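Structure, as structure tokens:
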Amino acid sequence: MIPVTILCVLLCLNLAWAQDGKTTFEKEGGGGRGPRILENMHESSCKYEKNWPICVDDDWGTKCPSCCRMQGIIDDTDQNYSQRIDNIRQQLADSQNKYKTSNRVIVETINILKPGLEGAQQLDENYGHVSTELRRRIVTLKQRVATQVNRIKALQNSIQEQVVEMKRLEVDIDIKIRACKGSCARSFDYQVDKEGYDNIQKHLTQASSIDMHPDFQTTTLSTLKMRPLKDSNVPEHFKLKPSPEMQAMSAFNNIKQMQVVLERPETDHVAEARGDSSPSHTGKLITSSHRRESPSLVDKTSSASSVHRCTRTVTKKVISGPDGPREEIVEKMVSSDGSDCSHLQGGREGSTYHFSGTGDFHKLDRLLPDLESFFTHDSVSTSSRHSIGSSTSSHVTGAGSSHLGTGGKDKFTDLGEEEEDDFGGLQPSGFAAGSASHSKTVLTSSSSSFNKGGSTFETKSLKTRETSEQLGGVQHDQSAEDTPDFKARSFRPAAMSTRRSYNGKDCDDIRQKHTSGAKSGIFKIKPEGSNKVLSVYCDQETTLGGWLLIQQRMDGSVNFNRTWQDYRRGFGSVDGKGQGELWLGNENIHLLTQNDTLLRVELEDWDGNAAYAEYIVQVGTEAEGYALTVSSYEGTAGDALVAGWLEEGSEYTSHAQMQFSTFDRDQDHWEESCAEVYGGGWWYNSCQAANLNGIYYPGGHYDPRYNVPYEIENGVVWIPFRASDYSLKVVRMKIRPLETL
């Protein structure tokens, strides 16, 4: 038993030694890892074996994959990549075919569009030439019309003179026939038809009163200018360049983009010189000098000059009635600035009075109260459109003498009337005594005739200019002779020009004082508290006249979803016939409604039904948010501004005392922005019962579900008149002063 055990131990030790040491086979390289050598019987089955075990270092000898398995894996991967490459090649081929197809379609499209684009370009050029030629012909026609109108006027004057001559001849014949009675062989009973001549004269007067100078004669035609649109200033390396194939197919190299500009020339206006500013369009400039001779006698005195003109307008109208033509005469007498000229009533016609002197300006109101506003230290220059001659006035104070610049003297040598009167010994009672001076004024008498439109214009002018530096204690009696007789007669067209260029404070002032104020149209006004002259549309045909258009919507051509500054300044425009869309501007509306003002809202739906609403309104300042004060509703449209929308509650929809809101300045009472949601600036509450500045929807009814981005009734609405989903066709807002009603 023991030997067997010893034998087993020795055998184990031998095996362990053999395991630790390398054999000769391994030393010769036979121990390297590699594919197992398989018998022929296993070659056919290795391709189909799928569940190969995982090979690790410990199991390399029994589980290592054979070369057959590795070759299969390589073949599968190669086949996969080959399929991918074939797929990519197929997609490239398809894209190339599509590219060729798209190029062919582009070429066909270009060939179709190119003739049309070239034809359109030619039409644009022809349109520019035709419009230029048309404008030239219109200007020629206007000149011919003006020539024909002058010929018609000359013929009217000739016919009138012939009628007068015929009447005179008939009267002479009647006198001779009457003188022949008793001494002639025959006698005739001849009577002059005086009534017939009077009717002819009235008809001629009525014909001459027709205005044959239409409005377009006084306006300058706009000029249509077409010029090529300049290319952008972007550098070339930032621009996308087409491929060489597409460059050959470019059809727009010869097509030029044209910019069409309609230039409207600015209308000339008469500038009024004030202070140290230089006058424009003037024929005479009157300046003043300030000197102090003696501090003890004439301290705080100065001399200034001003021109005050009063115009008397006599309008004759011939009205045909059942009893025959009858004549109406309307006489007005106002100054160019709208002040009272009643103190000049009863003056002698054909004279111009020049008053000169120095002293405290406030003392002049004893003689001429209206002149106080003219004698100010800040206003030392005035302008006049008359063509005036020149004269020199001499002034003597004490032992010295001085000569001041040129004054003005009207000369009418063709009338044969010219005289000079010396008023040096006169001193108005309003000046204090203390220093002596001598002044010389020129009184020029004139007479001429001017008739336009059947109306005769007579002018009375009060001109004051500096003729002495001091006016002191010249002793004279205090009788009525100290005040000269203010009488003048003038038919010069300058008076008419002054009236035509009159800038009123509102349309009601224009209606009363402007020559063409009785007609609706574009006029220039200067609101109280503003130095800016506005061009506004005045409606003189609606009840009482004097309505100033501040808002209008009629075709949706103007976007009313504007900023606060846009609504402050105003936007849009209307033509001379009142066509167009505009917002006059919150600042201008505030200036025009500082006093109680009547607001008239006119509405029209798409069926032609009209309604109106009138209120008494005031609009606050910008610091107050242009708050709307509104009351006293009258009309047929329903009270939307004060009462609001009764179904939603007046406290939420009334616009009274509300501030103006725009999408960039939210001043409403809603937690969100009403102006942003409803698409326009307005006096929102929470939010509205009326909004005349909303989105303009043609056709009337609209579905708010399709409104983007807010599905809400945001049209031009006046809910008491039409439903909230009905957008009105025409809306207008007009104002006029309440005090003139």
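From the backbone N, Cα and C atoms, a Cβ is placed for every residue, glycine too.
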### Message
What does Swiss-Prot give as the disulfide partner of C687, choosing from C538, C674?
### Response
C674
### Message
Among Q19, Q148, Q579, which is the one flagged in Swiss-Prot as pyrrolidone carboxylic acid?
### Response
Q19
#### Entry: Distance [Cα-Cα, Å, rounded] between C310 (disulfide bond) and D668 (Ca(2+) binding site)
51
### Query
In this predicted model, what is the average pLDDT of the domain 'Fibrinogen C-terminal' (498-739)?
90
### Message
With DSSP assignments reduced to helix, strand and coil, which class does W670 (Ca(2+) binding site) get?
### Response
coil
### Task
Starting from the Cβ centroid of D666, D668, W670, E672, the recorded Ca(2+) site, name every other residue in that chain with its Cβ within 8 Å, sequence order please.
S661, H669, E671, S673, C674, A675, E676, V677, Y684, S686, C687
### Query
For C687 (disulfide bond) and W670 (Ca(2+) binding site), what Cα-Cα distance in Å is obtained after rounding to a whole number?
7
### Query
Considering the binding-site residues D666, D668, E672, which residue's Cβ sits among the greatest number of other Cβ atoms within 10 Å?
D668
